[in-house]
Amino acid sequence: MEKYERIRVVGRGAFGIVHLCLRKADQKLVIIKQIPVEQMTKEERQAAQNECQVLKLLNHPNVIEYYENFLEDKALMIAMEYAPGGTLAEFIQKRCNSLLEEETILHFFVQILLALHHVHTHLILHRDLKTQNILLDKHRMVVKIGDFGISKILSSKSKAYTVVGTPCYISPELCEGKPYNQKSDIWALGCVLYELASLKRAFEAANLPALVLKIMSGTFAPISDRYSPELRQLVLSLLSLEPAQRPPLSHIMAQPLCIRALLNIHTDVGSVRMRRAEKCLTPGTPMAPGSTGSRATSARCRGVPRGPVRPAIPPPLSSVYAWGGGLSIPLRLPMPNTEVVQVAAGRTQKAGVTRSGRLILWEAPPLGTGGGTLLPGAVELPQPQFVSRFLEGQSGVTIKHVACGDLFTACLTDRGIIMTFGSGSNGCLGHGSLTDISQPTIVEALLGYEMVQVACGASHVLALSADGELFAWGRGDGGRLGLGTRESHNCPQQVPMVPGQEAQRVVCGIDCSMILTSPGRVLACGSNRFNKLGLDCLSLEEEPVPHQQVEEALSFTPLGSAPLDRETLLCVDLGTAHSAAVTASGACYTFGSNQHGQLGTSSRRVSRAPCRVQGLEGIKMVMVACGDAFTVAIGAEGEVYSWGKGARGRLGRRDEDAGLPRPVQLDETHPYTVTSVSCCHGNTLLAVRSVTDEPVPP
């Protein structure tokens, strides 16, 4: 809410509170709907998401304009246009028994007609059109329809099979259990027109059965005979019991009764009133007056050598180290004294989540402000510098997980909402476009679901819900989205799951994806180059014949290479051309390309069969992460090992390529536990937490 100033509460809707606010940038009054998502059911979340989705599609002067949505204090905030003239229902109520002029009725009616025509043109059903949802400008001359919470966007189906809306405006076919379609909105339009002409509802009764009986029989009092026969006939046609007999919107707009009012709308609304009477263009002809949107469980305590300890200086709550990208040894990143519980590395991003739920970012300082310059005669580049900052603009939002792709970031809140920001290339942000976004923005298509995890590849995203539903979006070539095609998508698509498999965790690679299921098995899709997904059907130490090699999978497929196909796997990660997995017993397996020794075997073998990493047999491993041509593994006691390509500091040591695991030394003087590790391209990010020697209370 940094961009807005609350003025007062103007209403309480079905799902939350409506605030009148001042937008600081231009001093414009706006309406902000505050919807407490933590108290909402899945259906209520879907309605809130639906209103955002519908309003973004619409752009019409007679439809309430949508500005943005964001999270604030555990609530979804939807900013939209403010209509200060109140509702049409209030306008009618204030008339008491003083009937409106027919010209005024038509002035309002044709604006509603234009708005509904715009809505239907976008294949949207309003489904709750009523005078309470029709708003007026400050002069009470311009009509704007709003409240699209239960609207229906029609895609492949032409009808909405749910009965919703206000009972007094429900059509006869809905009372019979038939589907809702455009003609049901036209019935509601007829109810609104009747209300304008009679100052009362067409159908009212003491109870619901009596109301349904009236609607089914089409029983309503005729409107006053002071109105033209054409207007009375229009009301009757709109309230025809048979949907087929109700005229379509285009026919209504073409009626002589409406044409003049429509012309006046386009010529008079917004015109400046003259102080003197206008002269007639033709003598003798009077002028018509103007119409009034952690990759694994933590490792246990790492025991460091017991040296002299200065108790006066307490250890930091946690430390985050980075190496690679020119950093040859682990660099402790600057940060406030807070505990970072999970980290994620992208092509250029370094991000973490604190225990208090804040998103922290590490960035290089602006050019010329840090890092020093290379002095004459120097043989080494100066140590790169980083500055930390908390992501601003998300007050009241608790982040519990972050994932990074190439130039974009996704984060998950404690309320199961996914937000993305950064580069919109390939549709990675999931907002239905390729537009870049600088601030975290809700992925509205997933508001109806409680999400529990999100993973980012270089150019695609997987997200998992609490009910085991899987969604994918972004670049799709190679089948990396698991949708059975190679098509790309810029908004979330539900992924079909293998029957009997319950997804527990998702992992994304450069051009592939994996799912860990509840029995500890793995499903994979995308590029299987070098058998980096383990999809080849292989027995132990067996090599496949060329025609048995699987090059790609368009849908999620169980692993076929022994021993991965029968081991219980706790952790997997995907590199550019290789992958690694940790079993329930703590063994570490690698598979894929071994060009740079990233598989951790004594020889640079060329094989498509998975192998167990050598040198780690006596150590129980709990985490593993893969970079472009190297691997990092974490032991149960906090040991950190790396192997593979050593260029530009990938291994966190000042040495060349290492085909076997070697330890990485961290600058820690207190016992610690590794809480999270993430590798991307040539970079590694690792978080550790200090462990005190005090006994843990029972």
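Quick reminder: no glycine exception, Cβ is built from N, Cα and C everywhere.
The active site, proton acceptor annotation in Swiss-Prot covers D128 and rests on sequence analysis. Positions annotated as ATP binding site by Swiss-Prot: V10, G11, R12, G13, A14, F15, G16, I17, V18, K33. Here Swiss-Prot flags T162 as phosphothreonine, drawing on similarity to another entry. Annotation source Swiss-Prot lists region 'Disordered' at 281-307. Residues annotated as repeat 'RCC1 1' in Swiss-Prot: 415-466. The annotation repeat 'RCC1 2' is assigned in Swiss-Prot to 467-518. Sequence annotations record features per position, and here Swiss-Prot assigns repeat 'RCC1 3' to 520-571. Feature annotation from Swiss-Prot assigns repeat 'RCC1 4' to 585-636. Per Swiss-Prot, repeat 'RCC1 5' is recorded for 638-689.
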Tell me the Cα distance separating D128 (active site, proton acceptor) from V18 (ATP binding site), rounded to the nearest angstrom. 18
Three states by DSSP: which one describes R12 (ATP binding site)? strand
What whole-number Å value do you get for the CA-CA distance of R12 (ATP binding site) and D128 (active site, proton acceptor)? 17
According to DSSP, does D128 (active site, proton acceptor) fall in a helix, a strand, or coil? coil
